[in-house]
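**Student:** Structure incoming, see below.
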């Protein structure tokens, strides 16, 4: 599958590449639909209530109905908004969210692009989404929207630093930025969650903040900002922002699986179960973690949030890089 | 016509049109976005030259800078369209003349330089090559640059501290 990109250009080849992208989009949309359902059910279960159970058997069609409602809603653009940028905002936020999925290896056979700077690609593209969010907030011409956008920028830029630093330990250990090489390295030794436990914890926290999810969902704190940067958005443009968030849940959980949990590598030599099943299991565990945190933690305050990133998380991540480098020189790894 | 050829034209068009739009638009946010288009076009050209590391560092650093510029632009500048533009007659002529001369000099430079026929092996692991060069051959400039950044960072803290004490 990955060799599609290296073949010489032809229209048939282009068709195959587009087809692969469309299939992936279908899978991602399916994931998003049922992630939302799963999230509501999990939170319901934690808070001792039922969650959605009316539409379809066991409420399975609830999200489908919600999305359908969003798509047939009137598309409103405020009178005083910057109309062109108001339209570009959601696109600019969504485009990188889908593009980062291309470098993630799902199993030995299912991988799209073998980029030799895979991690860097992820980090670079995901930073473009912030522009889309700020743009949406600014173009709405609404004080809550711009405040939500500004908070989002401050938060995402602050937490991007420890997020990228938590990768560095792994890069030092494997000597490669290629995600496929990183999985192969974990097959030979052990999953990086064990030697890189500090990096893993930093990643869990910073990743959660990068996704703008509770307890770090200040950009859309309903009780202060109405809804944050997408206050003025409705219909399918709002759906795009919402989709962006959940596609990042998909991407972030996949990335964590690849970096720390060994990707498609089977534990205890259980090789007869195919790699993709292992990938999905690990991936689901991490997605469950995100929902679990959302159901149990209260939201933090802005000053605590920024202080935590700069005074705790970044020094810890730096220490992890230093420790890994020292251990590498001492030949412990 | 290969895929690379088409991609080159798309990215080159992005880089140039972004820069032209940046000069011609009126509002700060629009300008910042169009320069972003230009940066991404340049990053695409780097990918075509097999310098993936440079390309994604370009996106990471410059795209981040775009967001910061947007935030600062929103906070520090007036949000109303400014109608009056400074116009001086001689400027257009001098600008065209200057641009033509610079273009001719550059073209001459490019045409007379003898380029090595084959690029050194940049293909597979250029990240490792960059790292090796940076930490062995060019280690002193690298350390000096990081020192400079550290001094700038501390200077910013000192200035901000002075203001918040008042």
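Glycine is treated like the rest: Cβ placed from N, Cα and C.
Please treat TrEMBL annotations as automatic predictions, because they have not gone through curation.
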**Student:** Looking at the candidate ranges A:66-83, A:192-209, A:210-227, report the one that TrEMBL labels transmembrane segment.
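**Tutor:** Checking TrEMBL against the ranges A:66-83, A:192-209, A:210-227, the transmembrane segment one is A:192-209.
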**Student:** With contact taken as 3 or more Cβ pairs under 8 angstroms (pairs 6 or more apart in sequence), are the transmembrane segment (A:161-180) and the transmembrane segment (A:276-297) in contact?
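**Tutor:** Checked: the transmembrane segment (A:161-180) vs the transmembrane segment (A:276-297), no contact.
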**Student:** Tell me, please, if the transmembrane segment (A:246-264) and the transmembrane segment (A:192-209) are in contact, taking contact as 3+ Cβ pairs under 8 Å between residues separated by 6 or more positions?
**Tutor:** yes
